[in-house]
Amino acid sequence: MGCVCSSNPEDDWMENIDVCENCHYPIVPLDSKISLPIRNGSEVRDPLVTYEGSLPPASPLQDNLVIALHSYEPSHDGDLGFEKGEQLRILEQSGEWWKAQSLTTGQEGFIPFNFVAKANSLEPEPWFFKNLSRKDAERQLLAPGNTHGSFLIRESESTAGSFSLSVRDFDQNQGEVVKHYKIRNLDNGGFYISPRITFPGLHDLVRHYTNASDGLCTKLSRPCQTQKPQKPWWEDEWEVPRETLKLVERLGAGQFGEVWMGYYNGHTKVAVKSLKQGSMSPDAFLAEANLMKQLQHPRLVRLYAVVTQEPIYIITEYMENGSLVDFLKTPSGIKLNVNKLLDMAAQIAEGMAFIEEQNYIHRDLRAANILVSDTLSCKIADFGLARLIEDNEYTAREGAKFPIKWTAPEAINYGTFTIKSDVWSFGILLTEIVTHGRIPYPGMTNPEVIQNLERGYRMVRPDNCPEELYHLMMLCWKERPEDRPTFDYLRSVLDDFFTATEGQYQPQP
């Protein structure tokens, strides 16, 4: 290969493509027949750019036209129904419900923001994922429902205005993996992965690599599968009547009460936590719930609504695979390799880093309070509830329900709960993850755990636990709370750990 400045023989057109340091132009194969434009300011742009998650866009749509990605049946007064593919004009863009007019019927009403995409753009394409990180692309493509050759195109995290192609592949050594290719821009508006062949648009690029791998790891088969999104909760529906909820299936019972799968107003699938009567003050609960509903993050279970008359109901988003501690023991959970387990730990650390940033405390962090979606996304539940419990069996150190094995020594001995006691609990949670749901301190009673901790004992490294991960656990279990790491640090280490275990890019054949 060569450019105007060198003839270094290399052929790697993956995301770490070589660009000449002097002319800033891609190093083109010497035997290539393609004639790229003469250097005239076409260097690859490299400013860093950050992207938000799947939230409503902050800036107004330029032409106010959107296209429906899914059909929507109205469920509230003032809603506007529409069919998939229908075009609408946005009249007011605020929050998660936008006022719109159908160009088909002329009717006006409110629509859920996540059911539509900007018209005359890439956003309606099933293979285009606008605000998706590299790591989340891997999570989505490796989720159930996707297969060899499943793919997506996303905005580049490192280069503004550029895109990356992510493809699911099978590796003989690593099993199912995701490989990433940088899509480069031409001055004339075209695109290329390898300069041997360029395309006027991304549609042409997708069409070409669907018909032939042409140097990629595999042919593109079908776009990454996603489920129809849950419509946003209606903002005014916070304190709701009990009659609006139908409890369908009892999912389990925990320290606070029972958990049910149910439906709100007959159409929205939700999880309902029914708290035991007398377990907490309704007034104290409502005050805390108003704080909890402000904590919105992709790694936190979304709190939708409450019933404030006893028995208190907490209505949240429904997570198909239930609690992490139970899921890890299922056939699907047992099959998860250490890479995926570490990814789950990284997701939880990400959510706890947000709680840390908000100066909030969980107080009961363990695998039983982590929920798992159908795409194996992990979300933190029950944050803040432990503080409100008025049951002595739960709050007293000797209480039968007190989670001794997850609780930091200062919280056991003095009732001192801080974000640093949450860090201790996170270290215990890591042992649950790598052992597929084993109870911590196997073979020990709660009093024995307390006695051993006072003597400086720490849990031994579980079987199959990487040394680096055990080192992270030991940092979480430092005696002095101030010596324990932050969740932001834990998140960064686990993110790097996850990336490192995925393996480096391989040269394209």
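The backbone N, Cα and C atoms fix where each Cβ goes, and this holds for glycine too.
It should be emphasised that the depicted structure is a prediction, and the values quoted were computed from it without experimental measurement.
Database features, via Swiss-Prot:
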type	residues	note
BINDING	Leu251, Gly252, Ala253, Gly254, Gln255, Phe256, Gly257, Glu258, Val259, Lys273	ATP binding site
CROSSLNK	Lys99	ubiquitin cross-link
CROSSLNK	Lys276	ubiquitin cross-link
DOMAIN	61-121	domain 'SH3'
DOMAIN	127-224	domain 'SH2'
LIPID	Cys3	S-palmitoyl cysteine
LIPID	Cys5	S-palmitoyl cysteine
MOD_RES	Thr159	phosphothreonine
REGION	2-72	region 'Interactions with CD4 and CD8'
REGION	154-242	region 'Interaction with PTPRH'
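Sequence features annotated in Swiss-Prot and their locations in the structure.
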| residue | record | DSSP (3 states) |
| --- | --- | --- |
| Lys99 | ubiquitin cross-link | strand |
| Thr159 | phosphothreonine | coil |
| Leu251 | ATP binding site | strand |
| Gly257 | ATP binding site | strand |
| Lys276 | ubiquitin cross-link | coil |
DSSP-derived helix, strand and coil totals, residue by residue, for the domain 'SH3' (61-121): 3 helix, 27 strand, 31 coil
From recorded positions Lys99, Thr159, Lys276, the one whose Cα lies nearest Leu251 (ATP binding site): Lys276
Proximal but sequence-remote residues of the same chain as Lys99 (ubiquitin cross-link) (Cβ under 8 Å, at least 6 apart): Ile90, Leu91, Glu92, Glu108, Gly109, Phe110, Ile111
Proximal residue to Lys276 (ubiquitin cross-link) among recorded positions Thr159, Ala253, Gly257, Val259 (C-alpha distance): Gly257
Cβ packing number for Ala253 (ATP binding site), 10 Å threshold: 11
Cβ-Cβ neighbours of Val259 (ATP binding site) (radius 10 Å): 23
Residue counts (helix, strand, coil, in that order) that DSSP gives for the domain 'SH2' (127-224): 18 helix, 31 strand, 49 coil
Thr159 (phosphothreonine) versus binding-site residues Ala253, Gly257, Val259 - nearest by Cα: Val259
Other CB atoms within 10 A, centred on Thr159 (phosphothreonine): 19
Count of other CB atoms lying within 10 Å of the CB belonging to Lys276 (ubiquitin cross-link): 16
